[in-house]
Amino acid sequence: MNLHEYQAKELLAGYGLPVQGGILARNGEEAAAAYDKLGGKFAVVKAQVHAGGRGKAGGVKVVKSREEAKEVAESLIGTNLVTYQTDANGQPVNSVLVCEDMYPVQTELYLGAVVDRSTRRITFMASTEGGVEIEKVAAETPEKIFKVTVDPLVGLQPCQAREVAFQLGLKDKQINEFVKLMTGAYKAFVDNDFALFEVNPLAVRENGALACVDGKIGIDSNALYRLPKIAELRDKSQENERELKASEFDLNYVALEGNIGCMVNGAGLAMATMDIIKLKGGQPANFLDVGGGATKDRVVEAFKLILEDKSVKGVLINIFGGIVRCDMIAEAIVAAVKEINVNVPVVVRLEGNNAELGAKILNESGLKLTSADGLNDAAEKIVAAVNA
């Protein structure tokens, strides 16, 4: 689950991080009032969406008057912002954050943290190249990224934070200020089950003080049951409608941009299925894992979910019967096809527990379902059917 910038800054401020001042506005009048309250010669109006690249997409603008703040806010709110991190439809802008002007600054830094799956530990990343996409820095000048891995048994140590401060070129009081900032960020990360933390840029102001100009936080959705206050911050308008519906039925769904719908049980098998579709010249329209304990109702809902995507021209169902029985899946497929008006080819590959019985159910259903012998055969058949 992602947080908006204003939510991230409020959370981080609670842990002692110095953040750029800002006021949330949901319409033009509120934006104008926010400009007046900030009291500076300039202000920055930022569209609040769950996506990066807002500046280049016109979602971050400097304003010099209350009238301009109102005008910019009204031009953004109610529209969809398309960035390099969104799909072609973009993300809806329901509010803007009117921020204090902090520029010019001495320099812009970067500070971020993720859960490194290879070390199974929280890893901080810092760089002197703030204000640009960290992916670009990693690709072009990886030597400018400093990493610190935190031992979960002892937590982030002050000496680790000081070492990062030295590498960033900070001096004197800035070092202690940065240690406090990084320590607070680590505590926030652990307390709230972050999956991602990023401040870009972390500005060094003209007076030498540090300030978080932006804030990005991703929460581990598996931990929301124990984070009720964080869960209340969820903005469902920023989520893919089908992905949101899938979560209600405990389905793991990710929308893609292809035309072959996929229904698979098991994340590994789902990824392998998408790979072989690509290998055979097709384009998967989604990642959909119905899970090892899939029920008939969940399979029916999964089928509906796939077919709600109007770009889908065919469906490949790939089931390995382990915990789940292939005959139960077959019955669910038949029920779904009968319930929904399916006008696209459907290829089914069943393997494992009761696979023969499942194939028999499909063959005797009288429906236009194509059986496949093996994953290779299934991919070839669905790609051929879609391209026919």
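Residue 1 is the first one shown; counting continues down the chain.
Heads up, the Cβ atoms here are built off N, Cα and C, so glycines get one too.
Within N259, N265, N387, the residue that Swiss-Prot lists together with G322, I323, V324 for binding substrate is N265.
Checking the binding-site residues (E100, E108, N265) against N200 (Mg(2+) binding site) with a 10 Å Cα-Cα cut-off leaves E108.
Looking only at the binding-site residues N200, N265, the densest Cβ neighbourhood within 10 Å occurs at N265. Counting other Cβ atoms within 10 Å of each Cβ, the binding-site residues K46, R54 show the lowest value at R54. In this structure the alpha carbons, written CA, of G53 (ATP binding site) and N265 (substrate binding site) are 35 Å apart.
E108 (ATP binding site) sits 46 Å from N265 (substrate binding site), taking the C-alpha atoms as the reference points.
Taking every protein chain shown into account, E100, E108, D214 are the binding-site residues, and of these the Cβ with the most other Cβ atoms within 10 Å belongs to D214. Across the annotated binding residues for ATP (K46, G53, R54, G55, E100, Y103, E108), the two most widely spaced Cα atoms sit 20 Å apart.
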